[in-house]
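Trainee: According to Swiss-Prot, the protein has these features:
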BINDING   54, 59, 65, 291  [4Fe-4S] cluster 1 binding site
BINDING   80, 84, 87  [4Fe-4S] cluster 2 binding site
DOMAIN    66-280  domain 'Radical SAM core'
C-alpha cells in the first residue's frame, strides 16, 4: 500500500522528467508464475509486514533484484523525518518503532535463504539514538538465525552522535555503508537537512574503527564530472573502500528535476578513475544503486 504522504509535493518544482534514453529503459520480464521469485519475495515481505527501500524509494531494479531473491530491508517505518528533494520515501512525522520488526526481518531473511542481507532505515531524528539500537537488535536476531550471512548496514548520519555510532559499531556489520548522495555544492538544494562534512565524518570514524566502508553518489542532479571526481577523492581521504555511482531518476514532476542523463561512457570513465585513486571496488553505471548486487560488490574488482 502506497503511503499517502508520498502524494504530497516534494519541492516547488512542477517539471516532468525528460524522456529516458534507451540505456535507461528497463525491460521487465515475467517468469513462470508457478516458480516466480519476485512473487516469492513480495509474499514474504507482505506476510511479515516489512518495508523495503526497493518499493518505498521506487527503485528501477526492483524486479531484477527480487528475481534474485534479494531485497533491502528498511527499518523504522516508511516515513522519514527528513525531506530530500530527490527521494521518493514519504516524509513527515513517523509512528513509534515497531518492536517486533527486527524479529520479522530475521524470519524473512531466513525464509528466503539470504547469504547477504542489506538493512537500511528511514532517518529517525525524532529518536534520541536516531534508531541505532533498532539496527543493532535487527543485526543480532538475523545473525542468530543466519550465522554465516554477511550483513551490510546502510545507515543515516545519526548527526554524528558518538553514542549512536558506537551502538552500530558494537554490532559489527560486515559492511558499513553511508551514502554521501551528491557533491558538496548541491547539498543545500538536494539534501538541505544533511551536511556534506557530516557524512564524511561518519565514514571516517567507521574507517578508523576498521570497518569495510562503502558510499555512493547519484548523478544527473547538476554536478560536473570534476566535482564528482573531487568528491571521490574526499571519500578516499576518509578511508572509503567501495563506491557506487548511478543515475538520478526523477520520481515525480514535483521532485528535483533531472539535470542530465549521464552517458554510459562517463560512468565508465569514473569507474576507471575511482580504481586509479585507490577504491577497492567501483560499481558504476546508469542503473546502479547502493544495494544493487550488493553481494557481488564486495568482491567485484575488475
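Using N, Cα and C of the backbone, Cβ positions are placed for all residues, glycine too.
Worth saying up front: this structure is predicted, and the values here are computed from it rather than measured.
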Trainee: Apart from 80, 84, 87, which residues in this chain have a Cβ no more than 8 Å from the mean position of the Cβ atoms of those residues at the [4Fe-4S] cluster 2 site?
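Mentor: Apart from the listed residues, the neighbours are 82, 83, 86, 88, 89, 91, 122, 123, 191.
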Trainee: Hey, how far is residue 84 ([4Fe-4S] cluster 2 binding site) from residue 291 ([4Fe-4S] cluster 1 binding site), Cα to Cα, in Å?
Mentor: 19
Trainee: For the C-alpha pair, I'd like the distance in angstrom between residue 291 ([4Fe-4S] cluster 1 binding site) and residue 87 ([4Fe-4S] cluster 2 binding site), rounded off.
Mentor: 16
Trainee: Specify the count of other C-beta atoms within 10 Å of the C-beta of residue 80 ([4Fe-4S] cluster 2 binding site).
Mentor: 24
